[in-house]
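Colleague: If you scroll down you'll find the structure; I have some questions about it.
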């Protein structure tokens, strides 16, 4: 399995935008759709009424989660999204764009504040819980609100899927500071990240998804 560092992945995505004219929005749409198709094919092919919970951050990983939620909803899945709002300021960029799309498509999205009781109740009987909180840009110690959210997700008896990398895990070193999402499956976007292969006990089974990177870029890795 080919792996990349977080820096190399950012370079590939930047090259896709600047050299091949692929908009970042297109890459995110492709990633979210690929994840939705994988979930449908592997877990929901016979019963789409099982509950799916997607918990998003306000960065790129959260955007992937919102896109995935929209596609699952359009396919008739019982899906609910939660999102941790920015500590300061407001939503920006692709996350804001996909929140608007979620609103117009009637996808259920709730913000997570200090009271986690609603999230606890939701994940308690969920069939699948998806971690779309923190991505490859994360380094260091997990902030309190994210830490508490991760603990709630880990308490669920559901199938647990991490988008790109489990939240709390360093994408390069595979280290964590204690608060880390423990996945049964990790859906690596484009390429598996180096840290995943160093933390297989946390990442579970790694599945690499196509996010629409040009063949010319894929061949350089």
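Along the chain as shown, residues are numbered 1 onward.
Glycine residues also receive a Cβ, built from the backbone N, Cα and C atoms like all the rest.
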Colleague: Among 6, 167, 173, 219, which residue shares the K(+) site with 61, 131 according to Swiss-Prot?
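Modeller: The one candidate that Swiss-Prot places in that K(+) site: 167.
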Colleague: Of the residues 78, 118, 125, 164, only one is listed by Swiss-Prot in the (6S)-NADPHX site with 60, 61, 62, 63, 64, 135, 136, 137, 138, 139, 140, 141, 146. Which is it?
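Modeller: So the (6S)-NADPHX site in Swiss-Prot includes 60, 61, 62, 63, 64, 135, 136, 137, 138, 139, 140, 141, 146 plus, from the candidates 78, 118, 125, 164, 164.
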Colleague: For residue 167 (K(+) binding site), what residues in its own chain, 6 or more apart in sequence, show a Cβ-Cβ distance under 8 Å?
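Modeller: Looking at Cβ-Cβ distances below 8 Å from residue 167 (K(+) binding site), excluding near sequence neighbours, one finds 57, 61, 131, 133, 134, 138, 142, 146, 150, 180, 181.
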Colleague: May I have the list of same-chain residues other than 61, 131, 167 whose Cβ is within 8 Å of the Cβ centroid of the recorded K(+) site, in sequence order?
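Modeller: Near the K(+) site, the remaining chain residues are 55, 57, 65, 132, 133, 134, 135, 162, 163, 164, 165, 166, 181.
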Colleague: Around residue 140 ((6S)-NADPHX binding site), how many other C-beta atoms are within 10 angstroms of its C-beta?
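Modeller: Step by step: centre on the Cβ of residue 140 ((6S)-NADPHX binding site), count other Cβ atoms within 10 Å, giving 7.
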Colleague: Determine the mean pLDDT over the domain 'YjeF N-terminal' (9-219), rounding to the nearest whole number.
Modeller: 95
